[in-house]
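This report concerns only the one structure given below.
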Amino acid sequence: MATTNTFSDFKLASELPAWAKLQELYEKKGKTLSLKEAFATDEQRFQKYSRTFSNHDGSKILFDFSKNLVDDEILGALAQLAREANVTQLRDQMFNGEHINSTEDRAVYHVALRNRANKPMYVDGKNVAPEVDAVLQHMKEFSEQVRSGAWKGYTGKSIKDVVNIGIGGSDLGPVMVTEALKHYAGPLKVHFVSNIDGTHLAETLKEVDPETTLFLVASKTFTTAETITNATSAKNWFLSKTGNNPAHISKHFAALSTNETEVAKFGIDTKNMFGFESWVGGRYSVWSAIGLSVALYIGFDQFEDFLKGAEAVDKHFTSTPIEDNIPLLGGLLSVWYNNFFDAQTHLVVPFDQYLHRFPAYLQQLSMESNGKSVTRGNVFANYSTGSILFGEPATNAQHSFFQLVHQGTKVIPSDFILAAQSHNPIENNLHQKMLASNFFAQAEALMVGKDEAQVKAEGATGGLVPHKVFSGNRPTTSILVQKITPANLGALIAYYEHVTFTEGAIWNINSFDQWGVELGKVLAKVIGKDLDTTGETTSHDASTNGLINQFKAWL
């Protein structure tokens, strides 16, 4: 049962005075605001609407918001909306360990996981900092043993491969981060198994040797159906290859879990169990023990730097006024487009191959957090909430869906991300400069477009002219990073976490539960029993019955 909502004094964002003001501003100027004119009439627009974040190590990230459909008055009204929605109060309650996840009566305290300053952080009167630090120290010792070769498998050989078995937040984060930080990889290869489709596990097991493989079973409860099924199958494979001796399991399996009983029952030595608390949501768990595969891959010192980068954004988010608060501005712009321009999507395009899984990671972060239709006031929202987030790395994306972004009928607010310095500056930075030129050109093209006169001046005539016109005035945020390092990746993730938080706070929804994933799981268990029977299934609707029966006939 949902606890009494004490975190907002409004039921619907649409009831707030600033919401009505923004609707008025949209009609008056927002829907006709010309970015080309805005730049022509204000030479300081770039300086005025861009912000530079300084990371803990002195590296910088530039956030250019100037190509967005706003002016001073609109930004002022958005800031007022944040004040009326008590965004900063809710933020402070989150950082103070209060139970802002009202439907599950839990704190939302992933920020405590990157508290490398080790300042006291309390949940229910208990300082959790020592406990967080103890888990990190355990991760450090374990990862250094494995990476150095001191940890031996059952035949005395060192570990060469790590297989992380998890799903959702126990998979997406580590997959994305290990891909993004591949440049920092050490001696170990990492593999990830998430899908219950047996192909995922089978293909992974073809690549590893049981004598030199360490399996990480990532499930907080150690009861997640897909993960435990995959882990059990991996264990059976391991035993079948190693003389069926259960004593060998302890050298080749570790658990990222809090369920000591089930972990021990599985055969894992509980000394090799890494826990995390109920106040860590799955999609925010890469900072926790779930990040062990990352620490094994890039080394603990780099993993800690990753945490410190996120911590630096937390510091900025909690101490900077609304008008200069980078994640808050990002979230407010998202609300502006979603609710006043009727934008249904949010495009994120990393101009960086290492970040190729970043959009998929952000999909879960954004859509599982804010894909809600009921507010914290326990009423249905009468406005649009979570955006459909999508993206692919560029320049590949330019050759697939950018046609729709440039000339389609929808408003698609877009974030473009580029690292100025490549880890692979081949051909004297030729590739990097080509990549960067596309990063700058795409944002410029989306803004300036190409009118009929320009098309005709280029020689087009007749019916071809309208096909070559670009309307322009399409909003983008450009994020320019000095280099993709552990600290800067941590900062980018934390930026999007707090953007997501800001959106949810404005919409007055609980961004930290995920009841929408439950119903399908329940029905899957029921249908699983149907699939074990030989007779015809008749207990569902005609479509589901028909599909099940055809599957059984073909199985």
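The backbone N, Cα and C atoms fix where each Cβ goes, glycine too.
Per Swiss-Prot, the features are:
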type     : residues                                                                                       : note
ACT_SITE : Glu368                                                                                         : active site, proton donor
ACT_SITE : His399                                                                                         : active site
ACT_SITE : Lys521                                                                                         : active site
BINDING  : Gly169, Ser170, Ser219, Lys220, Thr221, Phe222, Thr223, Thr224, Gln364, Glu368, His399, Lys521 : D-glucose 6-phosphate binding site
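Counting in whole angstrom, Thr223 (D-glucose 6-phosphate binding site) lies 42 from His399 (active site) by their C-alpha atoms.
Cβ environment of Ser219 (D-glucose 6-phosphate binding site): Gly166, Ser170, Thr227, Ile228, Ala231, Ala255, Leu256, Ser257 lie under 8 Å away, each six or more residues apart in the same chain. Reported as a whole number, the C-alpha separation between Gly169 (D-glucose 6-phosphate binding site) and the residue listed as 'active site, proton donor' equals 10 Å. Across the fold, the C-alpha of Glu368 (active site, proton donor) and the C-alpha of Lys521 (active site) stand 15 Å from each other. Counting neighbouring Cβ atoms within 10 Å of each of the binding-site residues (Thr221, Gln364), the lowest count belongs to Thr221. Ranked by Cα separation from His399 (active site), the recorded positions Thr221, Gln364, Lys521 are led by Gln364. Take the CB of Lys521 (active site) and look out to 10 A: across all protein chains shown you find 11 other CB atoms. In the three-state DSSP scheme, His399 (active site) falls into the helix class. Around the Cβ of Thr223 (D-glucose 6-phosphate binding site), a 10 Å sphere holds 11 further Cβ atoms from the protein chains shown. Thr221 (D-glucose 6-phosphate binding site) and Lys521 (active site) are 16 Å apart (CA-CA, integer value). Of all residue pairs in Gly169, Ser170, Ser219, Lys220, Thr221, Phe222, Thr223, Thr224, Gln364, Glu368, His399, Lys521, the annotated binders of D-glucose 6-phosphate, the farthest apart have Cα atoms separated by 43 Å.
According to DSSP, Gln364 (D-glucose 6-phosphate binding site) sits within a helical segment.
When secondary structure is read from DSSP and collapsed to three states, Lys521 (active site) falls in the helix class.
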